[in-house]
Every structure is written in structure tokens, then in C-alpha cells.
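What follows is one structure encoded as C-alpha cells, with my remarks underneath.
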Amino acid sequence: MKIIHVSGYEEMSGKSADLMAELIQNSNNPVIGFATGSTPIGLYKCLIKKYRQKEISFRNVTAFNLDEYVGLAKENKNSYHYYMNEKLFKHLDISRRNINIPNGMAEDLEQECLSYDRLVSEKAIDIQILGMGLNGHIGFNEPGTSFKSRTHIVDLDQSTRQANSRFFRSLDEVPTKALTMGIETIMESKRILLLVSGNEKSEALARLLNSTRVSQEFPASILRKHKDVTVMADDAALNKIH
Ligand code: GLP
């Protein structure tokens, strides 16, 4: 794993956007895996800026998102469809038909997972952006998820629902299920960029970087087995690393 140490959130956002811009400029049809959560918001702002300054275009970009809540419509402000549109896609020249996000409203969720997974595999993600949950989850792959998992339906951990409840009016409103790319699906990405910022992630990051242990109990640990992972983390997140 390559580790890029940055001073804080702003530098992380700028540097990760530079890295993404380089990839977009050097590829004819870049396939990018996007993540949600608070962590990549700064990166998305920087990408929009680069697009406005005509440094990059998303005309040929194909986008795949990691996950989506079950039962939230696209128009729901807490759905990841809504998040991606507001925070990124609507500001860019990306073609709507190249945007792929699992449909948590599908009538047949199992079928949705299968088709989504097939599509991801066919296209092959050039770079997958990842954030990390406090319990080491990536996407919505909670502790205990098989490393062999493909896109699937998950029951969200109480701790994840609690953490994400900050976006909802109350904990009760946070969905109990989600669709997520599986660990094996994520690991097929050619390159992975894990962004970690802030003191509250320092325990989780220490668990990832201070040990060589790869265990399903800590999903992010699988990243140790990937041949091209960049972890970009700031001072606060790195403060428990020895
Ligand atoms: C959420 C998302 C993940 C995200 C993680 C961390 O539950 N499903 O894709 O990476 O939690 O979120 P944050 O960046 O807000 O800390």
C-alpha cells in the first residue's frame, strides 16, 4: 500500500483531485468508482472546479457507485442517487447514461445486485474511490462480510446506522438495509484510492496500517492484498500510527 500523508482535509481533497484528473486526462474512456459519505465531498468540489476551468472533461467517463440504501427513492435527499447528483454529477458534462448506481427501489433486489455486478465486471473500474467506516467497512460491507462477496443486500450495522443518522431527522429514518458492491467486486478495481481524514478515523486507520492481519472482521484489511492501493490520509487520521 502506498501512503500519501497530507496535512488536512483541504490538502487531501486537492491532491486526490489532482490524481483523479491525471487519470481522466490519460485515459480515453475512464471508468471511475465513486463513494459517498462526508470524506469525498472536498474531492468532488475540486473536480467540479477543474471541470469549470476546462482542465478535465467527464464526457467519456463511466461512473459506478459503491452502494445505495434500500427503500429510498432517487428524489429522497438521503439517497446516494441524490447525493451524487447534487454533489457532483449535475455540475459536470458526464452523460446520464454512463452513471450507474445500484437501485435500492428495485422490485427484485437480488436481480438488481446480479445485473449491477455484471455491469461493473464488464466495464472494469480503473480507479475506485473509497472512504472507510469507523468499523472498517468499505462500501457497506460490514465486519464479517465474506471477502468473496459480490454485489449484495446487506443489513446495516447499528453502529453504521448511528453514524449515518446525522444526515437523517432521526435514527428511525435510517434504512436498515442497503445494496453494496461486494468485497471481491471492489478488489477487482485496477486501482483503489482510500481517503481517510480526521481524528475519529485514527483508530480504524491504525488497525489497517499498524498490523499485517487480514481479517473479515475488519473489511478494509483486505486492501493489503490489492496490488495498487493508495491510502491518502491526513495528520489527524494518522495520529495513532507507529
Ligand atoms: C458510509 C458509506 C461508505 C463511506 C463510509 C464513511 O456508510 N456507505 O461508502 O465510505 O460510510 O463515511 P464518511 O466519509 O462520512 O465517514
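Here, residue 1 is simply the first one shown, and the rest follow in order.
Glycine too: its Cβ is placed from the backbone N, Cα and C atoms.
Shown in sequence order, Thr36, Tyr80, Pro102, Gly139, Phe140, Ala178, Leu179, Thr180, Met181 are the residues of the chain, 6+ apart in sequence, with a C-beta less than 8 angstroms from the C-beta of Asp67 (active site, proton acceptor). Annotated active site, proton acceptor per TrEMBL: Asp67 (among others), in sequence order.
Of all the Cβ atoms in the protein chains shown, 18 others lie within 10 Å of the Cβ of Asn135 (active site, for ring-opening step). Residues or ranges marked as active site, for ring-opening step by TrEMBL: Asn135 (among others).
Mapped onto three states, the DSSP output places His137 (active site, proton acceptor) in coil. According to TrEMBL, the feature active site, proton acceptor maps to His137 (among others).
In the three-state DSSP assignment, the secondary structure recorded for Glu142 (active site, for ring-opening step) is coil. Annotation comment: TrEMBL describes Glu142 (among others) as active site, for ring-opening step.
The domain 'Glucosamine/galactosamine-6-phosphate isomerase' annotation in TrEMBL covers 15-229.
Here the Cβ of Glu142 (active site, for ring-opening step) has 20 other Cβ atoms within 10 Å, regardless of which shown protein chain they belong to. Between the CA atoms of Asn135 (active site, for ring-opening step) and Glu142 (active site, for ring-opening step) there is a gap of 8 Å. A C-beta separation below 8 Å, combined with a sequence spacing of at least six in one chain, links His137 (active site, proton acceptor) to Pro143, Asp157, Thr160, Pro219, Ala220.
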